[in-house]
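Feature list (source: TrEMBL):
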type     : residues : note
DOMAIN   : 470-540  : domain 'STAS'
TRANSMEM : 44-62    : transmembrane segment
TRANSMEM : 68-86    : transmembrane segment
TRANSMEM : 93-110   : transmembrane segment
TRANSMEM : 116-136  : transmembrane segment
TRANSMEM : 191-209  : transmembrane segment
TRANSMEM : 229-252  : transmembrane segment
TRANSMEM : 297-320  : transmembrane segment
TRANSMEM : 332-351  : transmembrane segment
TRANSMEM : 366-386  : transmembrane segment
TRANSMEM : 398-416  : transmembrane segment
TRANSMEM : 436-457  : transmembrane segment
Amino acid sequence: MDEPLLSGVSGSVRACCSFSTLKSWLPILSWLPKYNLKWLRMDVLAGLTVGLTTVPQALAYAEVAGLPVQYGLYSAFMGGFIYTLLGTSKDVTLGPTAIMSLLCFSVVGGQPHRAVLLSLLCGLIQAVMALLRLGFLLDFISYPVIKGFTCSAAVTIGFGQVKNILGLQGIPQAFVLEVYYTFAKIPEARVGDVVLGVLCLALLVMLMLMKTNLGSDDAPTYSRFAQKLVWTVATMRNALVVVAASIVAFSWDAYGHHVFTITGKTSQGLPAFSPPPTSDTTDNGTVVTFGEIVEGFGGGLAVIPFMGLLESIAIAKAFASQNNYRIDANQELLAIGVTNIMGSFVSAYPVTGSFGRTAVNSQTGVYTPAGGIVTSAIVLLSLAYLMPAFYYIPKASLAAVIICAVAPMVDYRVVAKMWRIRKLDLLPFAVTFLMSFWQVQYGIIGGVAMSGVLLLYNMARPRVKVSDHGILVMELGSGLSFPATEYLSHIIHTQALQVSPPRSVVLDCHHVSVIDYTIISEIRDLLSQFKLRGVCLVFARLQVQPFAFCLFCLRIQLGVINYNSADSPHKSTFSYRAQR
């Protein structure tokens, strides 16, 4: 083959590889060339529907984060643009969520400048994790920890909004004190807020049940148009309830009756595009340096990026499975990391994937991530033109939206399931659930630590089934690693070497696929003890050649090796008999 032809082939391969690499970093290149009018129509419809859900939720979640309501909208639009370029799921929508808002409040205490800086630092951590392919670290957060955290967060967030339903002021933020003072101040509740809040809750629950029962067998038979109307109204229930409550509040206010606690004045217009502040100034004029701010973030700087990634990837995987496509977990990490980095330049606090809005996006029939652009455009239009109207939004209506959003997160049935399947899983669940009422990040750290203790306990106490067939047969139920050394040695000594007379032992290693140097050293000592007592220690049904090789090395000064080839080419039996 001549040189020009070889050069051309090699250039084509390089071009193909480079374009393939570019597509892996920019997934938009995979679907944009195939984009068509049908996809555009469905993406616009989904984007509009999600946008009308996003605006009231963003305002409400800013309240959870302890920030002015406009910060919820600042955080809600960047994700749509970034995820369109970098995301691998057609359904996921990035923005403020109840859990991230609660975590943000627990770390920054409702200080806007620090919340924005937190977004930058979280985004950097997430992006670096993506570039280093560290997504596997999320596997160390167990399901009981996740459920314990979400249940606790739902209770904390939901009860935290009761004060707004009642129109109470001066309630502390610490959960225990919040519960105490909320009940203590019930006589001070404002009748207008209570009536409006209860009505909003009832309407939201009714619309949610209508949507849930729309496709069930027991549901009334509607025409196709009526079904679409009911579905549309129920899907946009948050926006409709907030708008209706705002009209009611405006009407009463216009006649001079200030019976509702309203949101009040908010900043109008788009946020300035500028780097997040790296220092802060307290009310008394003291300058807080970047290092002091980061030190104040403490463990939250590790917890928030992890929880953001966990929530978003779990949602992406769930909807990818439901809609028959695959996602790239590390690319999802990159998308959310870049979103938080760029969001910090427009005064956003940390965001992640939203389950509720993603479900709406999927149910509306979105075809590509481009639907997020339409959602972001609606948020930007709201910031530019609708902020004066947000003045009259009653806080009770936003509280009702939040309570209905977090109520499904309280999954009490999971406790019964864990009790039936594995009772020990209730330990990390309970630790996470209870500690999260003290400090959210401590709850997660405590739950992960408890899961780690259980994992190490299982490693240190492998299952050993002992049976007597004239000689003792000990069947090992899992791999052997150094934490199990003392436990295994103790069982062999008590069952075989410390009895009179000493007994021979067969170690059935059928399930053992992992072994380390510490175990090999202990086996060497055990063989010496068996040799001194004139009995045998036999290793049977070894599965892995490295294991067999390690044991083979023990022949020196310890005994004779008998090798028997098994029927399967992948299985061999080695017997190591300690000689008298």
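Every residue gets a Cβ built from N, Cα and C, even glycine.
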- Is the transmembrane segment (229-252) in contact with the transmembrane segment (93-110), using three or more Cβ pairs under 8 angstroms as the rule and ignoring pairs under 6 apart in sequence? no
- Listed stretches 116-136, 191-209, 297-320, 332-351 vs the transmembrane segment (398-416), most Cβ pairs under 8 Å: range 191-209
- Message: With pairs fewer than 6 apart in sequence excluded, do the transmembrane segment (366-386) and the transmembrane segment (229-252) have three or more C-beta pairs that lie under 8 Å?
- Response: no
- Query: Would you list the DSSP helix, strand and coil counts for the residues of the domain 'STAS' (470-540)?
  - Reply: 33 helix, 13 strand, 25 coil
- Query: Which residues of the same chain, at least 6 past either end of the transmembrane segment (191-209), have a Cβ under 8 Å from a Cβ in it?
  - Reply: 164-167, 233-234, 237-238, 241, 245, 248-249, 252, 259-261, 394-397, 399-401, 403-404
- Closest-packing stretch to the transmembrane segment (332-351), where packing means Cβ pairs under 8 Å, from 44-62, 297-320, 366-386: 297-320
- Item | Cβ-Cβ under 8 Å with the transmembrane segment (116-136): same-chain residues at least 6 beyond its ends | 75, 104, 107-108, 276-278, 293-294, 297, 300-302, 304-305, 308-309, 313, 329-331, 333-334, 336-344, 347-351
- If one takes Cβ-Cβ under 8 Å and requires six or more residues beyond its ends, the residues near the transmembrane segment (366-386) are 28, 31, 35, 38-40, 42-44, 46-48, 50-52, 54-55, 58, 70, 73-74, 76-81, 83-84, 87, 89-94, 268-271
- Message: Give the mean pLDDT for the domain 'STAS' (470-540) on the 0 to 100 scale.
- Response: 84
